[in-house]
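Report on one structure; see the data block that follows.
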Amino acid sequence: MPASQVRSRARDRSNVLNRAEFLSLNQPLKGNQESRSSLRKQSSQAGAAGAPSGNPKERRQSQQLPEEDCMQLNPSFKGIAFNSLLAIDICMSKRLGVCASTASSWGGARSMINLLGITGHGIPWVAGTLICLVKSSTLAGQEVLMNLLLALLLDIIIVAGLQKLAKRKGPFDVSPGLLDYLTMDTYAFPAGHASRAAMLSKFFLNHLVLAIPLRILLVLWAFCVGFSRVMIGRHHITDVLSGFVFGYLQFRLVELIWMSSNTCQMLISIW
């Protein structure tokens, strides 16, 4: 045996790290290496199999950072504020629905509150306007009544369209009445009675000469009609407030398209 091999063997024997108790520190375990290599092979095979079938959109979603996912899941400040206001609106509307049923705290006054709501319904106002129009003999009166009839018809159509778009239910499970079905006032947002009361009160205040007490009573009537819809559980508070806003906007629209006396006379002659 050459002298160089003898010296290398002697050097290996004298090395402390080559002892059995230190071999685990120097060399990785074979089992770990095999498991790691098998995992790498499986992942590479799965990636190769899924790469041709996945579209670019799915790849971008898989490569998306977790921070971006968290930002999408967390609601924005506007969303939190909107949901909080909506919860407050529902809670307050349920508390104010004291006449929602006969078993409610003010259930005995339900018939009287319903009667107050009828004063703001569209069918009685349209019928009354038509009767007054037939009996009117002055051109100024016929002009005002024709534009009032136009405002009432616009109110019914606009409110019915908005309710069909929103399809918001009321705070209580209260079925609409017969008059509500005739005017398609079956949903909660916006409140048709509130919009009609606001539009009518503004219309009368602008086109009729009324004393101050009557003006105050007219405004109070509009607010009472809107509030009565909350008391019987048909509408939320925000439905009534939005109804007031839409009623004022309808009045402004009628003022813009106001029919002159000649136009009203032509329509009356056709009718």
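Each Cβ is built from the backbone N, Cα and C atoms, and glycine gets one as well.
Taken from TrEMBL, the feature compositional bias 'Polar residues' applies to 24-36.
Summarising the annotation, TrEMBL assigns compositional bias 'Low complexity' to 42-51.
Sorting each residue of the domain 'Phosphatidic acid phosphatase type 2/haloperoxidase' (143-255) by its DSSP state yields 84 helix, 0 strand, 29 coil. TrEMBL lists 143-255 with the feature domain 'Phosphatidic acid phosphatase type 2/haloperoxidase'.
Among the features that TrEMBL reports, region 'Disordered' is placed at 24-66.
Annotated transmembrane segment per TrEMBL: 115-138 (among others), in sequence order. Under 8 Å from some Cβ of the transmembrane segment (115-138) lie the Cβ atoms of residues 145-146, 148-149, 152-153, 155-156, 179, 182-183, 185, 192-194, 196-197, 200, 221-222, 224-226, 228-229, 232, 268, all in the same chain and six or more residues away from its ends.
Positions annotated as transmembrane segment by TrEMBL: 144-162 (among others). Within its own chain, the transmembrane segment (144-162) is flanked in space by residues 122, 125-126, 129-130, 132-133, 136, 183-185, 189-190, 192, 195-196, 199-200, 203, 207, 243, 246-247, 250-251, 253-254, 257-259, 264, 267-268, which lie at least six positions past its ends and keep a Cβ under 8 Å from the stretch.
Feature annotation from TrEMBL assigns transmembrane segment to 203-228 (among others). Counting residues 6+ beyond its ends, the transmembrane segment (203-228) has Cβ neighbours under 8 Å at 113-114, 116-117, 119-120, 144, 148, 151, 191, 193-194, 197, 240, 243-244, 251, 254-255 in the same chain.
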